[in-house]
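What TrEMBL records for this protein:
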BINDING   GLY164, TRP165, GLY166, GLU246, GLU247  S-adenosyl-L-methionine binding site
INTRAMEM  79-99  intramembrane segment
TOPO_DOM  1-78  topological domain 'Lumenal'
TOPO_DOM  100-111  topological domain 'Lumenal'
TOPO_DOM  133-159  topological domain 'Cytoplasmic'
TOPO_DOM  181-223  topological domain 'Lumenal'
TOPO_DOM  245-265  topological domain 'Cytoplasmic'
TRANSMEM  81-101  transmembrane segment
TRANSMEM  113-132  transmembrane segment
TRANSMEM  153-177  transmembrane segment
TRANSMEM  216-245  transmembrane segment
Amino acid sequence: MKENTSPATAPSSLAAGHDCCGGLGNIDLKQVNIHKETAEVQFLGQTRAGYRRAFVHGKETADLFVMSWLLGYVDPTEPSFVAAVLTIVFNPLFWNVVARWEQRTRKLSRAFGSPYLACYSLGSIILLLNILRSHCFTQAMMSQPKMEGLDSHTIYFLGLALLGWGLVFVLSSFYALGFTGTFLGDYFGILKESRVTTFPFSVLDNPMYWGSTANYLGWALMHASPTGLLLTVLVALVYVVALLFEEPFTAEIYRRKATRLHKRS
């Protein structure tokens, strides 16, 4: 059959064509712009969320890489490593618990017949515990692999310098404080007349602790030991926690002393 192409159908076709093209004039351009801006905001939000997810994923991947890399050098289940961790954590816990107990009860002073003798005895035990800690630290390093990147003359001499710096601070602290001042004599009632401000206290707070930390760091670098570096971080963290308890307590002891002296005067 032939299609109907009679003139009668032409007006409707023309009208349809007019409605299709001329209808654009009825579109609200403001609404178009609003929808466009909304789409852009949604796109940017999705993009930023994607970046955040990528960043978090990248951070998690980096953390896993560091942990995997570290576990390639350090076996945390190795007995000497466990012993080193235990001695590092135990030592400050022991002397803080015992010293506070003595400060409250004076039982050690009564048992030894003198606060000085009791302090010397506790100080001797602390020295022995620190020797044991250093021995366990060294054994843990020796039982685990070295890192080739640290095994160089430069790193060795850097470690040696840190070891020397640490020894200077430890020994000068001991000289400035004396035995009883170093080993918690204030908890036994053996108080100094005033706060020590000479070297090394004039350049650093708590130089005994940070000098000890420098000793361990230097020792670890001299042995190119990732295990030693990890244990040194633990030493520093334990000292920081110990200071949170020790400093306010010691300050309170001297505050009470100052109050007593003020009342007497």
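Yeah, the Cβs are placed from backbone N, Cα and C, and that goes for glycine too.
Here the features listed in TrEMBL are placed on the structure.
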{"residue": "GLY164", "record": "S-adenosyl-L-methionine binding site", "Cβ contacts under 8 Å, 6 or more apart": "GLY218"}
{"residue": "TRP165", "record": "S-adenosyl-L-methionine binding site", "Cβ contacts under 8 Å, 6 or more apart": "GLY211, ALA214, GLY218"}
{"residue": "GLY166", "record": "S-adenosyl-L-methionine binding site", "Cβ contacts under 8 Å, 6 or more apart": "TRP210, GLY211, SER212, THR213, ALA214, ASN215, TYR216, LEU217, GLY218"}
{"residue": "GLU246", "record": "S-adenosyl-L-methionine binding site", "Cβ contacts under 8 Å, 6 or more apart": "ASN96"}
{"residue": "GLU247", "record": "S-adenosyl-L-methionine binding site", "Cβ contacts under 8 Å, 6 or more apart": "none"}
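Below 8 angstroms of C-beta separation, residues 70, 73-74, 81, 84-85, 88-89, 92, 96, 137-138, 140-148, 150-152, 155-156, 158-166, 206, 209-210 of the same chain, each at least six residues beyond the ends of the transmembrane segment (216-245), sit close to that stretch. Here the topological domain 'Lumenal' (1-78) returns a mean pLDDT of 56 for the predicted model.
Tertiary proximity for the topological domain 'Lumenal' (100-111) is limited to same-chain residues at least six positions away from its ends with a CB under 8 Å from its CB atoms, namely 118, 121-122, 187-189, 249, 253. The maximum pairwise C-alpha distance among GLY164, TRP165, GLY166, GLU246, GLU247, the residues recorded as binding S-adenosyl-L-methionine, is 27 Å. Here the topological domain 'Lumenal' (100-111) has, by DSSP, the following mix of helix, strand and coil residues: 11 helix, 0 strand, 1 coil.
Per DSSP, the secondary structure of the topological domain 'Lumenal' (181-223) breaks down as 22 helix, 0 strand, 21 coil.
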